[in-house]
Amino acid sequence: MRGKWEVVRLWVLYYLLLSGFFQGVFSAFNLPRPPWKKQSNFGSSVVFPLVGNVYPKGYYQVTLNVGQPPKPYFLDIDTGSDLTWLQCDAPCVKCIPAPHSPYKPNKNVVKHKDPICASLHSPANHPRHTPDDQCDYEVEYADHCSSLGVLVRDTFPVKFTNGSSIAPPLVFGCGYDQEVPASEHAPYTDGILGLGNGKSSIVSQLSSLGFIRNVVGHCLSGQGGGFLFLGDDVVPSSGIVWSPIVRESSEKHYSLGPADLLFGGQATGIKGLPIILDSGSTFTYFNSKAYKTLLSSIKKNIDAKQLTDAVNDKSLPVCWKGSKPFKSLIDATRYFKPLTLSFTKAKNIQLQLTPEAYLIHTDKGNVCLGILNGSEVGLGDVNIIGDISMLDKMVIYDNEKQQIGWVPANCNKLPS
């Protein structure tokens, strides 16, 4: 879950609940699984329209249908975590306001012996359970929001770009206890759609069943909305900048590795900045040194006769105002220079960030810096490229080839 201007999740900590308080809530057996026949070839995708924006909403959501009969749920899309979960009436111990009634489980709990259950828990945090015990989970995010519950399996009806439809049984979290710190504002959704590369993610499950390649991507429109896709059928055949996913020890994030930071094409002295892409983060976060260096570079470049500090605008920590209110973001971008992230482990690979990719236009007619100091909110040296810096680009996370690609795109138009 994310707040309006929050630090959003970086990683997910999964572990089994030591308490057996809810052991009796569910009947411990799985939903019967149809004998799915694996396809011998791929070549199709599932495309979902998105609703949302960077400002003022602060997140992008997708509608997924779940169950028999299917019921719609709104989910916050998050490439920074694996597990998908819905608020759940199991019964609900602590649920937050949401657009739909909590999901009701129906004797479809996932057993402890299920491989997806095992993938969520390390051996070190593996209390003694019998194979037929229910699989509990707890997921905690970097903003200290969390969901606690049990894994269940139910059908997810989807339609492919080739016209075929399926309703495979997929595993997700049935969250009956959600925590949101008082300082945060949770998105008005029913849960989280985890799009990471772990076994529990929806894209990994669809891939293991043979329906799609293990590829996920999104196209977030700067005008609001956009689309999400699972599978590689809609990926352009050319024009994409590809960079390898860099794995550090047990890290499962979509990391591009270290990058040097340039401002207006000139070196800033910031080198080796480890970069992670995360659609679960509204804004971009740099560590304290990189943030302060960038902010200093921006301020030195600003003409004080044209822009001054908008101290009364609290939309974000740093805002500027012109001689008169800006009617749009475009009106203000001419006063700013582009940023460049030049990746050191990938030859000649750069991510260009125009002013539109790091500024927002507020309802007061000002512009604010959409890059925040991650060190101030507990991210340490981790640097996140969030939604604001991925606008109007198709971003592809290819888990098969272990690479991430991006290309400018019209995100207002759904791919056919």
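Backbone N, Cα and C define each Cβ position, glycine as well.
Because the structure is a prediction, the values reported are computed rather than measured.
According to TrEMBL, the feature active site maps to Asp78, Asp278. Per TrEMBL, the feature domain 'Peptidase A1' maps to 60-407. Per TrEMBL, transmembrane segment is recorded for 12-31.
Packing around Asp78 (active site) is summarised by its Cβ count: 27 other Cβ atoms lie within 10 angstroms of its Cβ, all protein chains included. Over the domain 'Peptidase A1' (60-407) the predicted model carries a mean pLDDT of 93. The two recorded residues, Asp278 (active site) and Asp78 (active site), have Cα atoms 7 Å apart. Of all Cβ atoms in the shown protein chains, 28 besides its own fall within 10 Å of the Cβ of Asp278 (active site).
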